[in-house]
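*Asks:* Reproduced below are the annotations present in TrEMBL:
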DOMAIN    5-129  domain 'Phosphotransferase system enzyme I N-terminal'
COILED    36-74  coiled coil
DOMAIN    153-206  domain 'PEP-utilising enzyme mobile'
ACT_SITE  His189  active site, tele-phosphohistidine intermediate
DOMAIN    267-555  domain 'PEP-utilising enzyme C-terminal'
BINDING   Glu446, Asp470  Mg(2+) binding site
ACT_SITE  Cys517  active site, proton donor
Amino acid sequence: MYQGKGRCACAGVTVGKILHIITPVTSTSEAAVTYTQDKDQELQLLEQALEQSRQELDALIDKAQAELGAEQAEIFEIHRMMLDDPDICDNIRDTIQNELLTVSCAALKVGEQQAAEFAQLDDDYMKARAADIKDVTARIARNARGEKSLVLTENVVLVADDLQPSQTVALDRSKILGILLRHGTQNSHASILARTMNIPLIINAQLPISLNERSEGAPAADADSVCDLSGHTVALNAVDGTFYIDPDAETTQRIQAVQAEFAAARARQEKLKGQPAISKHGHRIMTFANIGQVDDVEQVLANDAEGIGLFRSEFLYLGRSTPPTEEEQFKAYAKVASTMNGKLVIIRTLDIGADKKVDYFDLPHEENPALGLRALRLCLFMPEIFKTQLRAIFRAAARGNIAMMFPMVTRLKEVERVLKICDEVEAELKANQVEYKRPKIGIMIETPAAAILSRSLAEHVDFFSIGTNDLNQYTTACDRQNENLADYSDPHHEAVIELLRIIAQNAHAAGIPVGICGELAADPELTDTFIEMGFDELSVSPGAVLALRERICNSEAQCLNPCPAALDKLQAH
Ligand code: PEP
Ligand code: MG
């Protein structure tokens, strides 16, 4: 038995068989150059790899269309077309013929060459195709090498270095019992997805170099390669962050007992569906959920959240090669709002930058991206991209109960600029007789500057939602992506707690609702504190909604900052 440790990114307990996903090789520099002595055989192998790639992409297109909508499927349709593009396929054939390279090497080489040519074009759309070409040629190479595809035929615990967006979309989530990642952070795409789907997840896991080592041997977290764990059993305790590979009978029993406790708590919490969250002394808190993609709404409704407190709209922009059009966004927002059937949906405008990057914006390199051109700053830097999103939100707001909020605000001047842009968008829509509704407009309080200025900011917006993930990183000067700051990065840091109190007081002094949508909202040790501070709304991952509701209902804490008018405004949105 090997025992390892990591950090919990989605609580849960599971025991299952491992599927170890080895990070795909995507460039020739990562793969040894290999030659063939039989080019005819190699050309035949190429045709097989192309055919397999076509079949995989056809299946991916169907899956993306069914689960994410036609627009999201478009990226895979482009990949499918590239497979029949003679510029790519004939080039690979010629490279095999002339240079006697294996299919895998020839495909990666052609991918790199063509991607480099596309990257130099003036047209932004064509430039953005570079990443697609590399993705397609990597798929051909992988199939030629006969590597396992990620089709899940049985329930598994996934083990990987990290997960890519295209891998994540391709997976059948119902077959994933748990996830164990060597890297990753609490707020990476994989972590957010796992929480949304309620899949137990451990990140920064210390995986073994070899299972022959004694279990107390040195962990391999820093090693370049870890052994392939596929087929081994893992007992995953994503409550205390421990995991056991090939667990002995006693460990399996112990983990299964924790798993049963989890299931019992869940059954108890199910009974709170349809009930409001009201503390013993009568403080009402709306229990909302966070989402990143349109189909996450299913989980929101399944867990009886009363609204969506944070729709991370940037996920519509990730894992593709061009920004989503106004129409695509409009459809996505309108679909979420109509599925929520009158319950409030708060869309957070684009928060790209720092850890969330998209190649197609082609932004300058930054030494400190978390302190750079991210979120609202980036939107103000690219006003046309921003306006496209605002138009989509205004139009969708005519179809459902939508509010919007801006991330990374630091001062009033930014809010004034952004409200002016909203006025311009509204005037254009009106002039063009497009159906729209101006949504309620809030801001995220996630910088110390905005927290300190929250008294005056509250006079200019309809609501506050606190992003504690960023508020913590900027207040305590602890990079949220840095895996080595565990001793310094304290989610309960006194300075952050004090700022929460100040923000809630200032919001209520101005009579506006205040909520928390960062990870801290789900922290069981702070539910009483949030009631005392008078929060009106807490937004957590869908799977955490009912546990939060249970804690609020059982809480004896007294609200010291009541503001019935603020709650009324939230409910009347
Ligand atoms: C936050 O910062 O707390 C937040 C909710 O936003 P994100 O995690 O997406 O930056
Ligand atoms: Mg944030």
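Backbone N, Cα and C define each Cβ position, glycine as well.
Describe the structural context of each listed feature in the structure shown, including burial, neighbouring residues and relevant distances.
*Replies:* Looking at the domain 'Phosphotransferase system enzyme I N-terminal' (5-129) alone, the prediction's average pLDDT is 83.
Annotation note: Glu446 (Mg(2+) binding site) sits in a coil segment as assigned by DSSP. Under a cutoff of 8 A between CB atoms, and with a sequence separation of 6+ in the same chain, the neighbours of Glu446 (Mg(2+) binding site) are Pro407, Met408, Val409, Ile466, Gly467, Thr468, Asn469, Asp470, Leu471, Tyr474, Gly518.
Residues near Cys517 (active site, proton donor) in space but far in sequence (CB under 8 A, at least 6 apart, same chain), listed by position: Phe288, Asn290, Gly309, Leu310, Ile346, Arg348, Met444, Ser465, Ile466, Gly467, Ser539. Following the DSSP three-state reduction, the secondary structure of Cys517 (active site, proton donor) is coil.
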*Asks:* Out of the recorded positions I have (Glu446, Asp470, Cys517), which ones have their Cβ sitting under 6 Å from ligand 2?
*Replies:* Glu446, Asp470
*Asks:* Can you name the far-off residues of the same chain, 6+ from the ends of the coiled coil (36-74), with a Cβ under 8 Å from a Cβ of it?
*Replies:* 80, 83, 89, 92-93, 96-97, 100-103, 106-107, 136, 139-141, 143-144, 149, 169-170, 293-295, 320, 324-325, 328, 331-332, 335
*Asks:* When you measure from the Cβ of Asp470 (Mg(2+) binding site), how many other Cβ atoms are you left with inside 10 Å?
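*Replies:* Looking across every protein chain shown, the total is 23.
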